[in-house]
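As recorded in TrEMBL, the features of this protein are as follows:
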TRANSMEM  23-45  transmembrane segment
DOMAIN    38-289  domain 'G-protein coupled receptors family 1 profile'
TRANSMEM  57-83  transmembrane segment
TRANSMEM  89-117  transmembrane segment
TRANSMEM  129-154  transmembrane segment
TRANSMEM  193-218  transmembrane segment
TRANSMEM  239-262  transmembrane segment
TRANSMEM  268-291  transmembrane segment
Amino acid sequence: NSSELSPSFLLASIPGLEAAQCWVGIPLCSAYVLAVLANGAVLLVVRAEPGLHAPMYCFLCMLATIDLALATATVPRVLSFYWFGSREIGFGACLLQMFLIHSLSAVESAVLLAMAVDRYVAICHPLRHAAILTCGTTAKVGLLAVARGVLFFLPLPLLLLRLPFCGPRVLSHSFCLHQDVMNLACANTTPSVVYGLTAILLVMGLDAVLICLSYLLILKAVLRLAAWRERLKVFSTCVAHICVVLAFYVPLIGLSVVHRFGKDLAPLVHIIMGNVYILVPAVLNPIIYGVRTKQIRRRIL
């Protein structure tokens with residue numbers, strides 16, 4: 001029937017706190033406002049300060065833009081549920097939100113890899129840094145990151161379009177994720193499972209391996225320095241990026257583990273991990289770079 005051809009889904013409510021969800025929305029909204037203000041401040045500072053028009057800060061602007069887009073694609077819809085009881089989400093809106101979450105996460109992973117390569121070139125080949133990482137190269141990397149995210153994750157909603165949804169349609173998160181929606185289908189989901197896992201491994205998995213390889217090469221170059229003070233000074237330039245990488249990959253891995261092995265966990269764990277995955281990087285990234293970068297800190301003050 002028509003409901004099977006164009007189903008709708010129900011967002012997950014917080015178990016035991018259904019009557020108090022309006023209060024739960026307040027810290028969620030506060031975190032979202034903080035993310036918008038902090039990332040917006042980074043974008044304004046980099047644009048207004050000519051000394052920050054360098055590849056490293058261009059990548060930082062890309063990161064801030066992605067975090068803003070990712071948070072905006074999810075949090076306002078969650079707040080409309082918590083505050084106004086709008087629990088039902090249409091099939092098309094759910095697929096669009098799912099595509100934005102996964103593709104933007106892939107773009108962010110690519111930008112983090114580009115920032116790791118930037119740190120490697122700056123430390124291991126400082127004389128060639130300006131020639132290798134120009135503004136034109138930075139722009140091309142950004143476009144390639146967006147193209148890769150779209151091409152790899154556009155098939156996910158297309159694969160779900162052909163599946164029937166004839167049972168309970170209650171999600172385990174307050175927004176739509178591929179594995180969550182796929183598990184509600186009442187048909188063979190093997191193609192979606194295989195492609196989803198392949199896309200994650202070829203994008204986020206490969207990026208994580210290359211980031212680790214970059215830092216192994218950086219560590220090797222740092223250990224060649226004679227004085228400990230010089231080693232700490234050089235490696236301190238990577239601290240902010242390492243923290244940002246951890247803020248992105250730890251929630252991502254945690255959410256993947258919960259989906260894969262956490263079927264018997266309480267529903268509250270799924271909701272918390274989903275919100276952490278969406279909001280923690282968006283809130284922490286500008287704060288980390290704001291604290292660690294003198295030029296940004298001084299300009300904001």
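Each Cβ is built from the backbone N, Cα and C atoms, and glycine gets one as well.
Automatic prediction, not curation, is the source of TrEMBL annotations.
Under 8 Å from some Cβ of the transmembrane segment (89-117) lie the Cβ atoms of residues 6-11, 56, 59-60, 62-63, 66-67, 69-70, 73-74, 77, 138, 141-142, 144-146, 148-150, 152-154, 156-157, 160-161, 165, 175-178, 181, 199, 203-204, 207-208, 210-211, 214-215, 241, 244-245, 248, 252, 278, 281, all in the same chain and six or more residues away from its ends. Within the model, the domain 'G-protein coupled receptors family 1 profile' (38-289) carries an average pLDDT of 89. When each of the listed stretches 57-83, 239-262, 268-291 is scored by C-beta pairs under 8 angstroms to the transmembrane segment (193-218), 239-262 comes out highest. Beyond its flanks by at least six residues, the transmembrane segment (239-262) meets 63, 105, 108-109, 112, 115-116, 119, 177, 179-180, 200, 204, 208, 211, 215, 269-270, 273-274, 276-277, 280-281, 284-285, 288-289, 291-293 of its own chain at Cβ-Cβ distances under 8 Å.
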